[in-house]
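Asks: From TrEMBL, here are the annotated features:
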type	residues	note
BINDING	7, 18, 195, 216, 217	3-amino-2-oxopropyl phosphate binding site
BINDING	9, 10, 45, 50, 100	1-deoxy-D-xylulose 5-phosphate binding site
ACT_SITE	43	active site, proton acceptor
ACT_SITE	70	active site, proton acceptor
SITE	151	site 'Transition state stabilizer'
ACT_SITE	194	active site, proton donor
Ligand code: PXP
């Protein structure tokens, strides 16, 4: 079974462009649930550019699906996660100026810090996920520090596809396959995400070790044309077809 986590950040991006209460990301989460999403992902950024603290409060109160809270490894975010105890916490790299999350977390270079950082989250019962590239040393470090999950970054694979750099795309896909197999062998649950579209999801969904994909921007973009429910159902259909 390959789960689909729907990332609702960019519903909040549109809301925040006008400072209105709409569109409401919590309403989008409920619609995603009706459309067959298996989980909801929301990234509470340090600069609160999309999801707000109030959104997290309301998601925790009203959501039936498991919440995957994406956050940077900061003391502020750790305190928020410990207060809410969401089903999962995905640690992502975050820099203020970047447009989106570029590249994965350097677990190998910050092993002691991240081990200490995730320990209280694990004790609180959150499934800790680390958003990383497919490099062998990052996967090994994630296993050593006791993460339950690694989420492999599919951004480069998707960018190569969009830019028509097909040889590089295929090498990247092969590296993601190797990374997923290695992580699975080390006992990690393996997820993937970033930049996935109807066109790029198939080869990723076909990687048998993967248990979850987290997809946001394209689904929200496509919902302008199709509606959010149909966009999610079409993504699900593509994932299922690739697995079959
Ligand atoms: N997974 C992680 C860890 C992310 O940071 C993001 C982007 O917030 C996604 C998945 C979803 O990426 P996209 O919005 O490009 O589908």
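From the backbone N, Cα and C atoms, a Cβ is placed for every residue, glycine too.
Those TrEMBL annotations? Automatic predictions, nothing curated.
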Asks: What subset of the recorded positions 43, 50, 151 lies within 10 angstroms of residue 7 (3-amino-2-oxopropyl phosphate binding site), using C-alpha positions?
Replies: 43
Asks: Relative to the Cα of residue 9 (1-deoxy-D-xylulose 5-phosphate binding site), which of the recorded positions 70, 194, 216 has the closest Cα?
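Replies: So, spelling it out, the nearest of the recorded positions is 216.
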Asks: Could you state, as a whole number of Å, the largest distance between Cα atoms of any two of 7, 18, 195, 216, 217, the listed 3-amino-2-oxopropyl phosphate binders?
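Replies: Taking every pair among 7, 18, 195, 216, 217, the longest Cα gap is 25 Å.
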Asks: Those recorded positions, 18, 50, 151, 216: which ones have a Cβ sitting under 6 Å from ligand 1?
Replies: 151, 216
Asks: Among the recorded positions 18, 43, 45, 217, whose Cβ has the fewest other Cβ atoms within 10 Å?
Replies: 18
Asks: If I take the Cα of residue 43 (active site, proton acceptor) as reference, which of the recorded positions 70, 195, 216 has the closest Cα?
Replies: 70
Asks: Including all protein chains shown, what's the count of other C-beta atoms within 10 A of the C-beta of residue 151 (site 'Transition state stabilizer')?
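Replies: I count 32 other Cβ atoms within 10 Å of it.
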Asks: Look at the recorded positions 10, 50, 194 and tell me which residue has the greatest number of other C-beta atoms within 10 angstroms of its C-beta.
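Replies: The residue with the most neighbouring Cβ atoms within 10 Å is 194.
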Asks: My understanding is the cutoff is Cβ-Cβ under 8 Å with a sequence separation of 6 or more in the same chain; which residues meet that for residue 216 (3-amino-2-oxopropyl phosphate binding site)?
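Replies: Spatial neighbours, sequence-distant, of residue 216 (3-amino-2-oxopropyl phosphate binding site): 6, 7, 8, 9, 10, 41.
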Asks: For residue 10 (1-deoxy-D-xylulose 5-phosphate binding site), which DSSP three-state class applies?
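Replies: It is helical.
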Asks: Cα-Cα separation of residue 45 (1-deoxy-D-xylulose 5-phosphate binding site) and residue 70 (active site, proton acceptor), in Å?
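Replies: So the alpha carbons of residue 45 (1-deoxy-D-xylulose 5-phosphate binding site) and residue 70 (active site, proton acceptor) sit roughly 8 Å from each other.
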